[in-house]
Amino acid sequence: MSSAIEFLDLAPIRSARGRMRLPGSKSVSIRALLLAALSEGETRLTGLLDSDDTRVMREALKACGVPLEDLGEAGWRVRGAARLPRREADIFVGNSGLSIRTLVAVLAFMDGRYRLSGIPRMHERPIGDLVDALRPLGARIGYQQKEGFPPLLIEPARARAAQPVRVRGDASSQFLTGILQSAPLLAQERELVVEVEGELISRPYIDLSIALMRRFGVEVQRGTTAAGTPRFTVAAGSRYRAPGAFAVEGDASSASYFLALGALAGGPVRVQGMGSASLQGDVRFAEVMSAMGAEVSQGEDWTEVRSPGLASGFRPKAIDADFNHIPDAAMTVAVVALFADGPSLLRNIGSWRVKETDRIAAMAAELAKLGAAVEAGPDWLRVTPPAALRTAAIDTYDDHRIAMSFSLAACGGIPVRINDPGCVAKTFPDYFARLAALTTSG
Ligand SMILES: O=C(O)C1=C[C@@H](OP(=O)(O)O)[C@@H](O)[C@H](O)C1
Ligand SMILES: C=C(OP(=O)(O)O)C(=O)O
């Protein structure tokens, strides 16, 4: 939830350098919590992100009777079982898309009654493609307000019908992640086959789901349908097994703000906890910084960016690229584009429209306040840098990534006001303190 602070004034950032340890990955934390809860045995999770979104998943699992124990510095202990202990719960999902979409697919087959609701924006974020994919399997999921959107009421599933499961993947990859993660519930007597209809967006998040399921003992085989879209198979009798201990890697999307900081304010800025061995797709943001002219170095679990810095005349190279594979880190690119040597075009980012806010509209409005000329289409954004940046009060639309990415505008020698800075708590509660620790202003 957003804190009560109305705004935060950031002084112009003159330089930035140093190292920071990243908070745990949101995408890995939320998956690991759910998979540990569904695993036979005990898992000790370390490095788990502590933020609004991960709290949503923790509280949801507790509401379903899963024993979760806070071990302080030593992490969290989760005692799992193939079936969730409690068969009735009222679950608040805040605005965590990943949590609701992965919970629904699991709860639909728990033989219980569950209600899931969130903040008003969550009730505008689509979930119909997931519900449509689960209903032919016997799932009974009802819409409590508007068809196709939360809040939802789940009731015990009826006998299962034919496979393969067909799911659309063009609004969010999280629907497919939800179905894949619930595979052990569905692949009991027969193998589970899932086919994607139409385009599949945000694909690296599916790779992440498959990699984490493997860590918890379930293999997903990949193939292709006759129509050329992805098909996934999970063997009959597959079961999650607790890996004993599981360490969550640093958040690659959160890393993007600091890597961009190194590029704009000179650096070197090094993030620790995310590097070439990372499972997250957003690790590829480093390639974008390199393409825009910054110097990037990387080890297995760290990444560092430096440049001469804007203050010494460095100009990032303008970029024209497809950002479908890194939708979250692409927001950081849009702000770096403010300083580029020409117009940049971010293509294939249509999913921005249905996230924490309509991110295409929000980015366009806020970049324009700083003086950029911005054009936007259904799934693209073109940013032409201003001759001189104007100071502005940035509205953040209860979207953590708007707040974090626009903090980088202060690298342009102007003060920037961030309204409702507390919205960063969704994934990075102490973001502004961590930023201040690496920067010199003036
Ligand atoms: O699976 C995940 O962990 C996520 C998938 C992406 O969503 P879409 O698949 O809706 O693009 C991303 O934007 C979100 O922050 C996290
Ligand atoms: C889109 C995001 O999250 P979610 O879909 O999980 O709410 C995000 O963190 O940028």
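Cβ atoms here come from the backbone N, Cα and C positions, even for glycine.
Please treat TrEMBL annotations as automatic predictions, because they have not gone through curation.
Look at TrEMBL and you will find 14-435 tagged as domain 'Enolpyruvate transferase'.
Annotation source TrEMBL lists 3-phosphoshikimate binding site at LYS26, SER27, ARG31, SER172, SER173, GLN174, SER202, ASP328, LYS355. For ASP328 (active site, proton acceptor), the same-chain residues 6+ apart in sequence whose C-beta sits under 8 angstroms from its C-beta are SER253, SER256, ASP282, ARG401.
Look at TrEMBL and you will find LYS26, GLY97, ARG125, GLN174, ARG359, ARG401, LYS426 tagged as phosphoenolpyruvate binding site. Classification of LYS426 (phosphoenolpyruvate binding site) by DSSP places it within a helix. Of all Cβ atoms in the shown protein chains, 25 besides its own fall within 10 Å of the Cβ of LYS426 (phosphoenolpyruvate binding site).
Annotated active site, proton acceptor per TrEMBL: ASP328, in sequence order.
Between the CA atoms of ARG31 (3-phosphoshikimate binding site) and ARG125 (phosphoenolpyruvate binding site) there is a gap of 20 Å. Not one of the binding-site residues ARG31, ARG125, SER173, SER202, ARG359 places a Cβ under 6 Å from an atom of ligand 2.
Residue annotation for phosphoenolpyruvate gives LYS26, GLY97, ARG125, GLN174, ARG359, ARG401, LYS426. The furthest Cα pair among them is separated by 19 Å.
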